[in-house]
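Beneath this line is the structure, given in structure tokens, with notes to follow.
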Amino acid sequence: MRHLIDSMDLSLEELEELFVLTRDIIENENKYRDVCKNKLMGTLFYEPSTRTRFSFEAAMLKLGGQIIGFSEVGSSSVSKGESIPDTIRTVGCYADLIVMRHPKEGAPKYASFKSEVPIINAGDGGHQHPTQTLTDLLTIREIKGKIEDQTIGLCGDLKFGRTVHSLIKSISRYKGIKFVLISPPELKIPQYIRKEVLIKNNIPFVEVETIEESIDSLDILYMTRVQKERFFNEADYLRLKDTYILDKAKLESAKQDLAILHPLPRVNEISPEVDDDPRAAYFKQAKYGMYIRMALIIKMMEAI
Amino acid sequence: MLYIDSISKGIVIDHITPGLGFRIFEYLKLDKSDFTVALIINAPSKKEGRKDVLKIENNIDLDLRVLGVIDPTVTVNIIRDEKIVEKIKISPPESVEDVMKCKNPRCVTSTEKGVIQKFSLLDKEELSYKCDYCDNIYNWEV
């Protein structure tokens, strides 16, 4: 039984299989509409979500499957103090696959030790978000035609940004990847990403504090939100929340084929005036998120 | 001067960094042992000035891997017939369970009851360990 807990759980070959399957789903959606008939997916969202939960649920429904679960802990026995293993074992009695989001880092991994059905990590605190990485990699592949040889600017909250951590780990395995890490000093990438991924694998990276000083060198600009829910101290959040705002003026010196990505939701970090720029790819990215999750569900349920 | 008798069979953990003897005593759960144990604190040492020493009589089947995390500089002597028959070199274990506690308040181990604390060795030289759940990195300090 396979779980998807970390973005490194899938090899490059497995990723390629998923991308090829996703392309076929996009082109021949009807072919896949019953492949998960009589299958049930449990969605356990201990933390709010729009895109991830909806895209998982939409993906399962489009494959002919059904869904049970909760979107807030208040409507489940978790609010009565039920432990993760007890919840997982119970849902595992009914569901064939469990999708889990949790505010605590490592919670889906702990759940996977106790589960008799596959677990997909749909985001754990400020740690990892492997299915967002699948979405990001697919978006890059679809827009750029390849994932290799890209200079990627990651901007905003690189400390608590779980999508950033998962993406750096996974995309570092492709050749010719360079990173420009744009953040205030307080929100730099965690030590384990710096040491274990970037330094250990000799991946070129620079750390800067403004978008302007590096935007002309980027093939991809990955914007992130400074996440209020990750701060214990609101004053720190208020001080840092609007550090970066991408607008038309900042994009003037950017490459014509730059792809602007964002895992969404955004607050102020991308001005709405950028939405009409052909380089803005974040809503396209949200749609790819559903298709790649369809492919992932098929693979994890061994439905074809 | 305080004298502690030599032992005829057992383990002597020598050259413990002063102050860590009691920690090792606790982690090896020697307070629950039914054999003779002597914990010597701040003994004079030619090499280090001061050291802690643990003498454990009869029992030579203790799991000593934890020493590699708490104090890898110790020397472990196995005693039989009042002679040192083996010196064990302590090296940091590849993984440890329930020795250290993850201090990341965002880690699942901080709130979920009954989770076994697990760490994996990251760097032998720096003696750094990584929490298996949240990936936070720690040095040997327990």
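Note: Cβ is positioned from N, Cα and C throughout, glycine not excepted.
Please treat TrEMBL annotations as automatic predictions, because they have not gone through curation.
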Practice item. Kindly point out which candidate in A:Arg23, A:Arg101, A:Arg239 is recorded by TrEMBL as part of the carbamoyl phosphate site with A:Arg51, A:Thr52, A:His129, A:Gln132, A:Leu264, A:Pro265. Key: A:Arg101
Check your understanding: In whole Å, how far is A:Arg162 (L-aspartate binding site) from A:Leu264 (carbamoyl phosphate binding site) when you measure between their Cα atoms?
Key -> 12
Study note, to complete from the structure: Here the binding-site residues are A:Lys80, A:Arg162, A:Arg225, and the Cα closest to that of A:Thr52 (carbamoyl phosphate binding site) is found at A:Arg162
Exercise for review: Output, ordered by sequence, the same-chain residues six or more apart from A:Arg225 (L-aspartate binding site) with a CB under 8 Å from its CB, or 'none'.
Suggested key: A:Gly156, A:Asp157, A:His262, A:Pro265, A:Arg266, A:Val267, A:Glu269
Revision key, fill the gap. Same-chain shell around carbamoyl phosphate excluding A:Arg51, A:Thr52, A:Arg101, A:His129, A:Gln132, A:Leu264, A:Pro265, C-beta within 8 angstroms of the CB centroid, reads A:Ser49, A:Thr50, A:Ala122, A:Gly123, A:Thr163, A:Pro263, A:Gly289
Study note, to complete from the structure: Here the 10 Å Cβ neighbour count for A:His129 (carbamoyl phosphate binding site) comes out at 26
Study note, to complete from the structure: Whole-number Å distance separating the Cα atoms of A:Arg101 (carbamoyl phosphate binding site) and A:Lys80 (L-aspartate binding site) is 18
**Study point:** Reduced DSSP assignment, A:Gln132 (carbamoyl phosphate binding site)
**Key:** helix
